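Participant: The structure's right below; bear with me while I get my questions together.
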Amino acid sequence: MSQSARKILVTNALPYANGPIHIGHMLGYIQADIWVRFQKLRGNECHFVCADDAHGTPIMLKAQQLGITPEQMIGDMQRSHESDFSDFLVGFDHYYSTHSDENRELAETIYTRLDKAGHIKTKVIEQLYDPQKEMFLPDRFVKGECPDCGAEDQYGDNCDVCGATYAPTDLKNPKSVVSGAEPELRESEHYFFDLPAFGDMLKSWTRSGSLQNEMANKLNEWFEQGLQRWDISRDAPYFGFKIPGTENKYFYVWLDAPIGYMSSFKNYCSTTGKADWDTYWQADSEAELYHFIGKDIIYFHSLFWPAMLKGADFRQPTNVWAHGFITVNGTKMSKSKGTFIKARTYLEHLDPEYLRYYFAAKLTSRIDDLDLNLTDFAQRVNSDLVGKVINIASRCAGFIQKKFDGRLSSNVADSALLEDFQLAGDNIAELYEKREFSRAMRDIMALADRANQYIADKEPWQLIKQEGSEQEVHEICSLGINLFRVLMVYLAPVVPKLTEEVQSFLNDNFTWDSHKTALTDHPIDKFKALMQRVEMDDVNAMIDASKEEQASQTPAVEANDELKKEPIADEISFDDFAKVDLRVARIANAEHVEGADKLLKLTLDLGGETRQVFAGIKSAYDPEALKGQLTVMVANLAPRKMRFGLSEGMVLAAGPGKDEIYILNPHDGAKPGMRIM
């Protein structure tokens, strides 16, 4: 490279150590891995680290349920995660755990520095307490009736039915999820990080180019509402690190989790000697630091994390890059539909490079959700990788092997065409750098089309029949192999295993600059099939296996189980029922609600007027999949003002929640506005 090598540290969001990796998780890890492989191919000094997020109440309780220690559980889970990442060709330079000596030391260092600088405050708060388990209950470990709409079996932070948010202490008739006991209200002293003290610094940093514009704009809401002090402590019993100077207080998992980036890299530096930790983390560091994360953890990484680092006199990230979620066939990943696919289940049926390429073909630098349409997935991989790229080598290699002793020609048949392919490298490199992988794949496949068209026009299989045509055929097919080689250099960050096989076939080793050269008078090996086509039978077998996994994990349902869980309500008169005006409505539009975890905003067409309704169905439906559907709404429900806007009715749905919510659909013959009697 003409410029000096950059020093780069890349991290991925830490997977939580209480469950397996699924293909939704893999999106972010594949995105980061492609970017890292590109940087290394360019000759940059790029280090790629990650770790398991191994602390918190959920891990403590799950280990108790399994009858093992938390240490044993997180150890088993780490091995499982590392195996999945390795088999998906995610090439971490180091993978560690937040339950480590390095992480404890760094967490204590950061806390102590913040405390000495006056950024740690204490406050007595009221919390729900389980008297049987003798533990304070986090919001997701208490359930009760929603204080707004009265819906039963709702968690302690928000309602799945009406979308209301509240404190656990606001629940009616609360019960501990851990023991079923009625919790008590008790006081406890907690430790808080003074986030408001960093308001000016964060406003400047979030607009410095370190975040995507969508992220920076979203964070304005927090600044407008006013930053609040952040509770960084949890009461014993808790699986984590004890706060220095306390007897029964522990660091909240989200305090020591991002410090895991630092501790994983610290262990990597000390065990391998391949990098100097201070060079990448001290306040005056000139190295580049990038975090790849999901959009659901933006706040922790773009507010709390940079403020903690600033207050403890460490450097801030160069960029925090968020990605969206995945849907499968247009809807949320669903266990019942078999589209909640574990990474290991995928690997047992399909080549990981299929998914790596498909994700790359759809990923952009924006925070957009990505749909894994399984039919399109098979068609695109078969068309692009097998039908276009590999087909070039398949069409040319046989002639080289059989007619020319496996040696490429000394001359280039069409230097202008080869130069066009080579000149495309700068633009493709820029697209990789900017994480515009989708555009890069389109450009590469456009080149592949040109290469195939060149071979089709030259028809070497016909030309070879003509006497004296051997040299021309040799040069045509040799150019085809060189065009294929350039394409594989460009694809190397996406399909590393295929690239290794191609390098072996070509007797070559790639760097990014390999695209600027050609192989002439060069031996190649006999061509072997480099990739099999995606078979829909294998895709369907994967879906069936996912369904079977879900069935094996779900207890058998007794007859009338739904009625047992929620008995039929008290009898009402016909006059009472007649007061409820149920109408057929067409979903004219559906969209996400900024800041809402459960809600979608629906625009409902009643055949003469439109209504805006907020529905707690986000966990089960992709907005695009809802548009145009008929549904049923309560049309005369009094409008309800929510913090996201006015909700002018309610749509009807059934199901226990999460991905199992089913909106009611009238027969296609029904028309918007019709009353249901």
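Even glycines carry a Cβ here, placed using N, Cα and C.
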Participant: Please identify the range among 207-211, 332-336, 552-556 that Swiss-Prot labels motif ''KMSKS' region'.
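Facilitator: So the range that Swiss-Prot calls motif ''KMSKS' region' is 332-336.
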Participant: For the record in Swiss-Prot, which of the ranges 15-25, 114-124, 609-619 is the motif ''HIGH' region' one?
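Facilitator: Feature motif ''HIGH' region' in Swiss-Prot: residues 15-25.
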Participant: Under 8 Å Cβ-Cβ from Cys146 (Zn(2+) binding site), six or more apart in the same chain: what's there?
Facilitator: Gln154, Cys159, Val161, Cys162, Ala164, Tyr166, Leu171, Lys172
Participant: Which entry in the list of binding-site residues, Cys149, Cys159, Cys162, has its Cβ near the fewest other Cβ atoms, using 10 Å as the limit?
Facilitator: Cys149
Participant: Cβ under 8 Å to the motif ''HIGH' region' (15-25), counting only same-chain residues 6 or more beyond its ends: which ones?
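Facilitator: Non-local partners: 50, 52-54, 56, 58-59, 62, 73-74, 77-78, 80-81, 84-85, 97, 325-326, 333, 340-344, 346, 355, 372.
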Participant: Let's check the environment of Lys335 (ATP binding site): how many other CB atoms sit within 10 Å of its CB?
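Facilitator: So the number of other Cβ atoms within 10 Å of Lys335 (ATP binding site) is 18.
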Participant: Between Cys149 (Zn(2+) binding site) and Lys335 (ATP binding site), find the distance joining the two CA atoms and give it rounded to the nearest Å.
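Facilitator: The separation of the Cα atoms works out to 28 Å.
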